[in-house]
């Protein structure tokens, strides 16, 4: 069911699916291209939040544009940005792709898609922490600093919502997806 407040409009996954079957909505995925390639809702357009431009937003007469992301945080931000730019007739998916999948609704998964940025961050951060602990234990205690540095970076990422390691990894050639 769609709900409305002055700053936010959401739609539940099951309601969105009903509207999709009636061809009454346009879906826009605001996650990054690498995430979109890995898995997305059928017939969704990719328009990453990092490159959000109101003039590129797909819209059609008589259809509601529905934004979504992984959990609805980025789509909520995109909704606010678009509304501030004067765009009307947009809402976002409550709970994002996670809620969509939890409701048992279908997605498109790309076989052999690259590992998600967040999994890459977890692999690298875990490896650096383990390396720092092992080197600190068996080589020199100064290597514990490496584990502490990574821990501080993860703490900052959690508190700020900005992960510098993810930003850097996203710039690597193997993480670049052509739109």
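Just so you know, glycine gets a Cβ as well, placed from its N, Cα and C.
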Of the residue ranges 94-114, 115-135, the one that Swiss-Prot records as transmembrane segment: 115-135
Transmembrane segment range according to Swiss-Prot, out of 54-74, 138-158: 138-158
Residues in the domain 'Rhodanese' (21-109) grouped by DSSP into helix, strand and remaining coil: 32 helix, 20 strand, 37 coil
Distal contacts, the transmembrane segment (115-135) - CB-CB under 8 A, six or more residues away: 32, 34-35, 38, 143-151, 153-154, 163, 165-166, 169-170, 175
